[in-house]
Every structure is written in structure tokens, then in C-alpha cells.
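Input: a single structure, listed below in C-alpha cells.
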Amino acid sequence: MAANANWQDGNTKGEPGSSLHGVTGREPVFQMTMETVGEKEATDLKGRKFALPVDSEHKAKTVRLYSVAAPHMRTFHLSWIAFMICFFSTFAAPPLMPVIRDNLGLTKVDIGNAGIASVAGAVVSRLLMGTICDLVGPRYGCAILMMITAPAIFCMPLVSTPVGFILVRFFIGFCLATFVSCQFWMSSMFNSKIVGIANGTAAGWGNMGGGIVQLVMPLVFDIIRRDIGSEKFTAWRIAFFVPGVLQVMMGLLVLTLGQDLPDGNYAELKREGEKVNDSFQKVFLYAVTNYRTYIFALTYGYCFGVELTVDNIIAEYFYDRFDLNLQTAGIIASTFGLMNLFSRPLGGVLSDVVAARWGMRGRLWNLWIIQTVGGVLCIVLGLTGQLGPAIAVMLIFSFFVQAACGATFGVIPFISRRSLGIISGATGAGGNIGAVTTQGIFFMSSKYTTEDGIMLMGIMIVACTLPVIFVHFPQWGSMFCPPSKATEEDYYISEWSKEEQSNGLHHASMKFAENSKSERGRQSPPRSKEETVGVDRL
Amino acid sequence: MACGVLQCVVRSLAVAALVLASTSFAEAGVLFSTLDESINVAVEIQGQNVTEGPVNRVAKVGDDRLVVSWNLNSSLMGLGVDKNYVSLKLRLCFAPISQLERGWRKTNDDLHRDKTCTIVIANQKYTTDGNSTVWRIPKNVPGATYFVRAYATDERGQQLAYGQSTDQLKTSNLITIIPISGRHVTIDIASGVFSVFSIASLIAFLASEFAQTSNR
């Protein structure tokens, strides 16, 4: 009775989780009795019903793409659209490059440097964004970043020198950190069983912005030139107001309509004692001392990083090697990015499907296989000399490289509960470092022809994917090693000191540990008596 | 669901490959090295004195005009060299210094792939007496160093001969063209206004949220 009164009137105080039914991992008996209330009647702290079925952490258990119900699906759509617009802004210059390079007198080195600058800024901002999400929430992180980088986009129309161009592309590139807030948000809103597809779809559709922009910016440029009658060198500048305005509008929408967690915003939850302020030092410490952070930062550089590099060089490659005109080369370039519509989500889906049967070990194998095949196809692309086959290989290659990105983020949410933000950020940053590295080594100088560069990049992909073999979870195992007797609770509680545990700070992690038992896969026997009661109902 | 999408993907890839394999790409064209230099071309910047020496002449886009005059090389007059010449195409071409590190302006002996002379000055009918044209430099010409070349073509547009206003090495008698910046005061102002709006609305929003939460 007392428990009912607590969550219904919203004045929840004291131990987080004690007044919400069926959530504490320490009271399996409560889980059984609360079960009869039914998950469909789950409500947030204010007593509002959720539109989707939710688990014990109030994360959604399904994804309904056609819905915009608050908070889960609304967050989903806000998140991916915001990220897509940031991708759009970052890659708004490449499709107009023939005009810009004549206006500013750019050389190939200038263009190469600008390409590297556009993805280098996000290395730092993605690392910072992880921390920001952990501390103030993804809603603020995403919106503030978008609205602070919007002035950089508005500076592009003012650029008149190569140095100015490189600097502006550098600052615009910071907004790619919305990827981290997007993934963090998805991981906070969707249950571990479907986090793969949620993350993959949101990020994939966001990445599509890199393809959409190759079609939209030339169109806008044409309209401005024809209908407003501007000169070429003025029209491209006006065209840049489109990404700028879109970004500001989206930032405002995220602020007004977004919500950090299923139960509310960080500020409200902190006030009501539901969200505890975490210490940055601890969060940072547990991220940097976890070796898995570094492995995934490296491997992500060779799926997402490669994707960014290819976005920058593929139009020129087809233009030069196969003597196409700029429009045709641009259309082919856009298909690479547009494959993201389904390839990245499918990578996440495959990760989830494989995990249902084989758990985390399946997810790791899935990632390694997909990314290695992507590397092999990259080698083949560099060696293909006919136009038709080259396009076919490129499309299949794009599928695998983007699916690998989706598969990576099927694993990331499980590395740490406490430091999820920083780890997501580090992985994202690793992706951008990979882009900087591959562009710098293979595509800047005349040492390698572009086709040789692509082939060598493929070899590097295969080599840098091997470290996935060494990722081991004590409770789930690794690609070649079975799990030990450790449990999910052991793993996630190790991030909290004894003192913090006595203050009850670890309860959210314990809820997560309970929900993550699905990563054992279907065949593993239960390890303790408690777990024979109804865990699999989730 | 995954299988169905995969099948669909494979099928569309096959179709795409077929369609695109039949895309015709550039056919080989006339080789520049096979052309005779039978045309004389001279360029003047209207209203300016001719400068000799290492300094290039300078022309401004939009203000200055180029006067291009051409005629058949006097030593080839009456020999029937020009019997197939139908039209004369005048082009503004990039000098080597402006092609440096810019592969999109590369010189290629195959005239179909050659990117040296992409800016059109005029297309004129060929006459044995020669002709000239006055060309106001349009605003979309990039800032670079140029020379002028004339291609004599037959009725199908195939190049038969050429002439240019510079020497074989393309280092003498060049013209530097000063472009427009493309910037406008109105664009600058709009940029400023939008940027300020972005930051100001963010601050206003955060302030109001902060006030709301601290009032409760």
C-alpha cells in the first residue's frame, strides 16, 4: 500500500527504485508478485502511461517506426533527424566543390585538408559529448551542440580564402558529435534486446544525410541560380543557408519536444532523487580502464571511418577512373550514402537476431564477420576496372561497411552502464580518427593512385578488425572463449565502489544487469535459483 | 524480414549494374598533337596598353573586355589548308601555373578528356580574312592565369587546327584575370543575423528552463 502511494503521487524520495514495482534486482520475490499488475500499466514517475510496452527500466521493448508517441518514439525521430541534419551540414560542401574550388582558387591539397578538417573536429567533440550526455543529458547535449555550430555554417557564405574554407569546415564538423547523443539516447530509451535495431536504424538514417546532401545541395544551387538569377559564386553561398536554418530549427525542436529518459528530464529526475549526479572522474576512470573501449574505438574507425572517407572521395574516383561527368558521378556517390537507409539498421537487426540465439558471443562473431567481409570487398573495389561491376561492388561494400557500424553499436551498450556516454563518445571519436588516418595515408598525396589507395585501405580494414577477437565479457565469454561463472551483476557492480554501493548509487546498474541477462543467448542454463523465475518473460 | 530485404537488394544491384554498364562514357576524341597550328590569335585587353615582359596583363571580371582577333597564318594562305574549316571556336584556357595541383584542369592530348580550355569565348564562322570579337569577361570566370586558343572545326565539330595567343610552353603573353568574390553585403548581414538568432534563442531557452526548475 505504501509503495503504491509513493509512485502515484510523484513525491518519490529516498532510494532510487524502491518505490517502482518490479525493478530492484535484490528482490526477486517482488518481481513475481508485481508481475500480475502487468507491464502494460507501467507508468512514469508522474503516473502517465507509456504508449509502448516497457521493461523494468521503462525502456521500450519494441520500435514502432510510424509512431511519434512520447517519450520513446518521439525521441527516436528527433534523434535521427537531428543527426541527419548534422551530417547534411558537414558534407554540404563536397557536392558543390567544382564551384567552390573555382571561387576560392583551391588546390587538391586544400580540398584534401578541408576534407580531413571536416571529420577531425568531431574527434574531440565526440569524446566531450559522451561526458556531456552522462552529466547533463542527451537532450541538452544534442540541442546545444547544434545551435552552437549553426553560426559556423552561416560563416561559410563569408569565406574567401582556402584557409577560411578549411577552418569553417573544421568548425562545422564538430556537430557530428550528435551521433553520440543519438546513440546514448537510443540506449536509454530502448531495451537491450532491441537496442541493436534502434541504434542501427537511428544512426543509419542519420548517416543518410551524407547521401541526401549530394542530391539536395546541387538542386538548391540550381534553383538559386536560375530563379533568383545569382552568379555561380554567389549562389553556392546562399545555398548554405539551407543547412544552417535546418540545423537551428531542429535544435529548437529537440529542446522543446525532447526528453532525456523515459521517466523525464535529467533536471527533474535529479530534483526528485531519481537521477543521481555522477562524478565525472569516476565515469571517466571506468571508461579509460576498460580495454574494450579502445578495441571498439579502433574497429569503429575501420567501418565508420572508412564510410566517411569514401563519402569524401568516391565521386572523384568514379569521375576520374571511368570518365563520367560530374552529375553521374554525384548520383553514384549519393547511392553509397543512401544505402544507409537499410544497411546500418540491418546490421543492428542481425546483431539482435544473432544475440537471441547465441548471446553476446554471437554479436561479436557477427561484427567480426561483417566487417572483415567489408574489408575484402574494399580490396575488390580497388581492383575492379569496369564501370558496372565497380558500382555493384561499391554497393555491396557499402552494405557491409555500414552494417558493421550498426553491429558495433549492438555491443557498445553492454560494455559499461555507468560510463556509457563516454564510451559511446570514444567509439565515435575513434570512427573519425579512422577517417582522418585513412584519408591522410591513402588519399592525400600522389604516392598511391586512388584505386591502389582503396585496395590498401581494404587490407587495413581486415587487419584492424582482428582485435574484436580479444573482447571478453566474464559473464558471456568472447569469440573463442566461453563465459566464466561471473554474473551480469558482478560485472556491472564492479563499476561502483563499496561506499557508493552502500549509498545505493548502483541500483540503476542493477536494473540494467537484470535486463541484460538476454545476452546469454537461448541455450545457457540458469546460474542460480532466483533466475528460474520469469526472467525470460522480458 | 532480413532475407526479404537482402533479396530485394541483390536484385536491384543486378539491375543497376546492367543499366550502368550500358552507360556510355566519353568516346576518344581528336588528339591535340595531331593538329596544325595554322591560326594566329592575338588578345588585347580593351583600353589597356600592351605590356611586354614577364609581368602578366591583368583584367577584371565584369569590367574589362578582351578583344580577340584571329586569322589564318599568312604563310598558309591560298594553299587550301583551310578548305574544311567551317567554324572557329575561341576558348579561354588555363595556363600551366593555374593547372598546378588542380587535376580538374589537367591537359590531356585526347581533346575529349582535355580540361585546359573549358571557358567559351565565342563560336564564329570561319572566314579566310579572319575576324575578331569583343568579349566582356563574365562573372563566373574563376581567378587564374590564362591564354586564348582558337580551334578550327569542320561541320561535325571535330577539331582540325588550332592557334593560341601564347608560345608552345604556354609561358608568355599570359593574362591574369581578377574574379569577383561572390560575397555580398546582404549575405554578410543575413549571416550575422541568423548566427545571433541561433545563439540568442538557445540562451533564452536554457534560461527559461533554468528559471522554471528553480522556481518549482
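Here the Cβ of each residue, glycine as well, is placed from N, Cα and C on the backbone.
These come from TrEMBL:
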| type | residues | note |
| --- | --- | --- |
| REGION | A:1-23 | region 'Disordered' |
| COMPBIAS | A:1-11 | compositional bias 'Polar residues' |
| DOMAIN | A:75-476 | domain 'Major facilitator superfamily (MFS) profile' |
| TRANSMEM | A:80-99 | transmembrane segment |
| TRANSMEM | A:140-160 | transmembrane segment |
| TRANSMEM | A:166-186 | transmembrane segment |
| TRANSMEM | A:235-257 | transmembrane segment |
| TRANSMEM | A:364-384 | transmembrane segment |
| TRANSMEM | A:390-415 | transmembrane segment |
| TRANSMEM | A:422-442 | transmembrane segment |
| TRANSMEM | A:454-473 | transmembrane segment |
| REGION | A:501-538 | region 'Disordered' |
| COMPBIAS | A:514-538 | compositional bias 'Basic and acidic residues' |
Can you see whether the transmembrane segment (A:364-384) and the transmembrane segment (A:140-160) are touching - at least 3 CB pairs under 8 angstroms, only pairs 6 or more apart in sequence?
no
Any chance you could find the range in A:80-99, A:235-257, A:422-442 with the most Cβ pairs under 8 Å to the transmembrane segment (A:140-160)?
A:235-257
With Cβ-Cβ distances below 8 Å as the criterion, list the same-chain residues six or more beyond the ends of the transmembrane segment (A:80-99) that contact it, or say none.
111, 114-115, 118-119, 122, 142, 146, 149, 153, 156, 165, 169, 172-173, 175-176, 178-179, 182, 201-203, 205-210, 212-218, 221, 232-233, 235-236, 239-240, 242-244, 246-247, 250-251, 253-254, 311-312, 315, 326, 330, 333
Intrachain neighbours beyond the transmembrane segment (A:166-186), with Cβ under 8 angstroms and 6 or more residues off its ends
75-76, 79-80, 82-83, 86-87, 89-90, 92-93, 110, 113-115, 117-122, 124-126, 128-130, 132-133, 138-139, 141-142, 145-146, 149, 152-153, 155-156, 159, 195, 198-199, 202-203, 206, 247, 260, 409, 412, 420-421, 424-425, 428, 432
Across the domain 'Major facilitator superfamily (MFS) profile' (A:75-476), what does the pLDDT come to on average, as a whole number?
88
